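A.B. asks: Let me begin by handing over the structure; questions about it come next.
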Amino acid sequence: MAARTPATPGRRRRTRMMRTPSRKLQELPKVRKQVVGPIEIFRFADGLDITLMILGLLASLVNGACLPVMSLILGEMSDNLISGCLVKTNTTNYRNCTQSQEKVNEDMIVLTLYYVGIGVTALIFGYIQISFWVMTAARQTKRIRKQFFHSVLAQDISWFDSCDIGELNTRMTDDINKINDGIGDKIALLFQNMSTFSVGLAIGLVKGWKLTLVTLSTSPLIIASAAIFSRIVISLSSKELNAYSKAGAVAEEVLSSIRTVIAFGAQEKEIQRYLQNLKDAKDVGIKKAIASKLSLGAVYFFMNGTYGLAFWYGTSLILSGEPDYTIGTVLAVFFSVIHSSYCIGAAAPNFETFTIARGAAFNIFRIIDKKPTIDNFSTTGYKLECIEGTVEFKNVSFSYPSRPSIKILKGLNLKIKSGETVALVGPNGSGKSTAVQLLQRLYDPDDGFITVDGNDIRTLNVQHYREHFGVVSQEPVLFGTTINNNIRYGQDGVTNEDIEKAAKEANAYDFIMEFPKKFNTLVGEKGTQMSGGQKQRIAIARALVRNPKILILDEATSALDTESESVVQAALVKASKGRTTIVVAHRLSTIRSADMIVTIKDGMVVEKGTHAELMEKHGLYYSLAMSQDIKKADEQIESVAYSAEKDTSSIPLCSVNSMKSDFTDKFEESTQYKETNLPEVSLLKIFKLYKSEWPSVVLGTLASVLNGTVHPIFSIIFAKIVTMFENDDKTTLKHDAEIYSMIFVILGVICFVSYFIQGLFYGRAGEILTMRLRHLAFKAMLYQDISWFDDKENTTGALTTMLAIDIAQIQGATGSRVGVLTQNAINMGLSVIISFIYGWEMTLLILSIAPVLALAGMIETAAMTGFANKDKQELKRAGKIATEAVENIRTIMSLTREKTFEQMYEETLQTQHRNTLKKAQIIGICYAFSHAFVYFAYAVGFRFGTYLIQAGRMTPEGMFIVFTAIAYGAMAIGETLVLAPEYSRAKSGAAHLFALLEKKPTIDSYSQEGKKTDICEGNIEFREVSFFYPSRPDVLILRSLSLNIEKGKTVAFVGSSGCGKSTSVQLLQRFYDPVKGQVLFDGVDAKELNVQWLRSQIAIVSQEPVLFNCSIAENIAYGDNSRVVSLNEIKEVANAANIHSFIEGLPEKYNTNVGLKGTQLSGGQKQRLAIARALLRKPKILLLDEATSALDNESEKGLKWSG
């Protein structure tokens, strides 16, 4: 298989090897519209959801009408107070007192009851509004997650070849979470604001259309500013999401390849690559924060200007004797219209959240709507009742969609009869694996067609068709579950007896029974708890239990020791009876008995026949066979060595059969996810993280303090305006009106400036903190030792989900949120102080019922914290399943397990969904109570205030100041309570983050301590080494192992799978430390050596080499991450690994991108690149794990000549 072409060739002879940018999820036409429609975002709503949304919408409209209706009551109360002359002064109102105090008192009681009625309405409809929208959001989000995962699994392999898996996983978490935020309680509040705006505007026009029109004159400016900044925020949000998606892709690639990263000492390099994407996100995030706060500042500037204009014009109307205009009318109109204008500003953040959700939905829905060429879930196509297994390739030509210019198969013609065993042989990249993939219909041919039993496979149902295949690949994939489940994935409905039988046929039964949990032993993520041979035998058992009609073996025994291979090979020969078997092999000793051997070169069949017939032809097969010396092939242990500067005799060499450890799972007693009991983290501890940004925090806090003073000042000015009509001097009234109106304009300027400063400095501090936390979390992950990654709770999916969710949740309680918290605290504090000054008795009464509101907030916070923890764990489980499925999509397609993984994913979502439905009730109740509390407080306060005024213990001005101040204070409390769930989630996320940051690994990869000798000769000694894995201390792997390896010697480790060979190699790399005894290098205990220096002396080439999604040159340069690697050096080692000629034949040569995990290369090409990477390291100790198992003979000979 050839390699894919990169974006840009390099021209300089000596360059720093940097990663190429990650590719987009799907090469779709670029479109200007980056958001879905406001209706389209609800496309996954069913009948019940629509009902909930309609009821929630109606409740939002009713709830929104409560505030402007309250303005009418406030106006009536004001007129009553003024007209009743309920003041102990010698002045009278210039309109004269028209009502008795008794009549006023009766009217005030009635108006107070109206307040109670509004409060009850707000209580009922507030609950319906929030809980219904949260419930329907949870239901739709669950459906979106399900459909997104379904659509991903439905895509064909060519789509996965051109997408970034890490970016895909990030979208599955971050983007869908943003959709949930946008269509839940935030949209309920948006509709509430719209209702307040509409009803307030209507009341204003009815009560006083002149004042209303003048007041609305500034509305176009408010709307225009909100619209402009909203578009800016949308654009910046999209860029921010893309930057975080790229960072997530880096994290996924690195964490899933952690052993390779640590072995080559590339942690710091990968951290810097991750950090670069975070910096891009930070820069965009700061701009977004500034734009968001500028929008809010502009809204408040125009609103305060509107206040001044309205009061000035209202006073003018009253003084000019305009009919029906009283102070009550002015107040009713003013507050109705102002509430309308205020709701435009209040709706801005909710509208922003909704818009961000629409932007996130654009990316999600685009993938959901992507129609694959080969739909893995398609129900169309003919289902053969019985497949005999006759296969025919008819003039098949094919090139991979990712590199259409390179033809892999060129008119391939081949017929395989039913029941035959056919072997495909040929050089690396000749098209053998491609032909096998086409047969499984992972791709479709460009020209020609493939038939099974005379039927074009494109006309067959793809799922039903693949169910007749059993596939065992050279790099078998196991899933992070038990051995039993891994084998069971082979076929639905198999019994335990069937599983045991398959294990025996694959020669796996004996080693499985040696595990404490036997078939219930967990194999770890990607099978990391098993050795290579154990993994391959489990994979063979999985294929055999399938009882396939067509068996495909791609180097199926390459990881087995000689004894196991002979037994398994015999089992495979037996299993081949009665079914069509296709074998892809480089070891010709394993295919001599095949019914037909087909030699493929350059995508075409060059010869075919039995072993004897081909040997007589003296063609390509004969050359391959003679060069291998078939009789001794299984007994030889080949050596590969190279040094650019020294003779190979200076490099000790250990060849082993496996690089994977013989783990069992750390928590194999249970496959259930266990919640970790973590200490609670205070908000103060979170805020302490700001210490390095204290100048920005101080300036942002000062701006927030300034913002917090605006509303308390407003309450005083407002009361002054209301009660200034006690004076009958028109000149004084006009003068006062002008002064107070100017003060409102000044308050508007203060709001604009302070919001800008708040957005600039808190936005900067918040984004820098978020970047630092993600950076620290990722660094802390790479800081851990290998045993930490062996823990089933620390899978790639769980860790990438933590980076995406936990840090985002902490971000939700930092940055601008700190500014809001500070602003609300100042607002509440000053409001209470002012209230005590102007009416301490009334203030005490209102505050006496405040603890009830506080209790509701505490209950909500406690409940939300619990739900946040549960949701986090379930989403991590879902992320783990999704990541595992997407990373191993080829195996899932071959096993037709798409529906199995989809069901597992849905089960985890179901638990989280139930939690959310419970959460919706608590959020709804708490919101309704806190919202209605204001109206109840008004009812009690106004009734008591009237009594105090009558008793001469309070003035109307004092009452209005207390009410307005307490009202704004209550609004601040309400806004803080709305943020309570975010702070709860932040504390939960912080608990996980601090637990990670504070965890000290046993083997510190970043430690600068330890010896660094000037010269490493390469002498190795195992001295009485005993070892068991921390995950299973009851199983001793090495028992007093003693072994001396002198420098320059070649030593081979042989033995049955699981005997401890790989364990010894991992101890050499110091992935673990011995329980007893010592591993010495040149006579020095490995524990006394600097771990980075020690690993720099070692290079490893494994049987399943890990390559990264970057260019060939960058992958080879990965061998030495301590310096700048020149292109000449790269070419030199590539030539030594016998891959230089192949690379030079590619259009982009060394700049060719190898694809995710090297999927754009054949197995042999990947292994040769890995060998070149190891040779570049110039190691003193070279470890080879079946390093040539995937190579054809010509390539292998080339390697030997290089030594």
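Numbers here mean position along the shown chain, with the first residue as 1.
Cβ coordinates come from backbone N, Cα and C, glycine included.
Pasting the relevant annotations from TrEMBL:
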- 52-74: transmembrane segment (TRANSMEM)
- 54-355: domain 'ABC transmembrane type-1' (DOMAIN)
- 113-136: transmembrane segment (TRANSMEM)
- 187-206: transmembrane segment (TRANSMEM)
- 212-234: transmembrane segment (TRANSMEM)
- 294-313: transmembrane segment (TRANSMEM)
- 325-348: transmembrane segment (TRANSMEM)
- 391-627: domain 'ABC transporter' (DOMAIN)
- 697-719: transmembrane segment (TRANSMEM)
- 698-985: domain 'ABC transmembrane type-1' (DOMAIN)
- 739-762: transmembrane segment (TRANSMEM)
- 818-838: transmembrane segment (TRANSMEM)
- 844-867: transmembrane segment (TRANSMEM)
- 922-940: transmembrane segment (TRANSMEM)
- 960-980: transmembrane segment (TRANSMEM)
- 1020-1202: domain 'ABC transporter' (DOMAIN)
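So that I understand the layout, could you describe where these features sit and how close they are to other parts?
C.D. replies: Within the same chain, residues 56-57, 60-65, 67-69, 71-72, 129-130, 132-134, 212, 215-216, 332-333, 335-341, 343-344, 346-347, 350-351, 354 sit at least 6 positions outside the transmembrane segment (187-206) and bring their C-beta atoms closer than 8 Å to a C-beta of that stretch.
Remote same-chain residues near the transmembrane segment (212-234) are listed as 34-35, 201, 204-205, 288, 291-292, 294-295, 298-299, 302-303, 305-306, 309-310, 313, 333-334, 336-338, 341, 344-345, 348, 351-352, 355-356, 359 (criterion: CB distance under 8 Å, separation of at least six residues from the stretch ends).
Note on the transmembrane segment (294-313): residues 210-211, 214-215, 217-218, 221-222, 225-226, 228-230, 233, 330, 333-334, 337-338, 341-342, 344-345, 348-349, 710, 714, 721, 737-738, 740-745, 747-749, 751-756, 759 of its chain, located 6 or more positions outside it, place their CB under 8 angstroms from a CB of the stretch.
Sequence-distant contacts of the transmembrane segment (697-719) (same chain, six or more residues past either end, CB-CB distance under 8 Å): 300, 304, 307, 690, 740, 743-744, 747, 750-751, 753-755, 757-758, 760-762, 765, 818-820, 822-827, 829-831, 834, 838, 957-958, 960-961, 964-965, 967-968, 971-972.
Listed by sequence, the residues of this chain that lie at least six past the ends of the transmembrane segment (739-762) yet keep a Cβ under 8 A from its Cβ atoms are 286, 289-294, 296-298, 300-305, 307-309, 311-312, 696-697, 699-700, 702-704, 706-707, 710, 713-714, 717, 720-721, 724, 815-816, 818-819, 823.
Here the transmembrane segment (818-838) has Cβ contacts under 8 Å with residues 687, 690, 697, 700-701, 703-705, 707-709, 711-712, 715-716, 719, 758, 762, 766, 846-847, 957-958, 961-962, 965-966, 968-969, 972-973, 975-976, 979 of the same chain, all six or more residues outside its ends.
Confidence over the domain 'ABC transporter' (1020-1202), given as mean pLDDT on the 0 to 100 scale, stands at 81.
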A.B. asks: Which sequence positions outside the transmembrane segment (960-980), separated from its termini by at least 6 residues, show Cβ-Cβ distances below 8 Å to it?
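C.D. replies: For the transmembrane segment (960-980), the list is 78, 711-712, 714-716, 718-719, 722-723, 813, 817, 820-821, 823-825, 827-828, 830-832, 834-835, 838-839, 842-843, 846, 853, 856-857, 860-861, 864, 926-927, 930-931, 933-934, 937-938, 941-942, 945.
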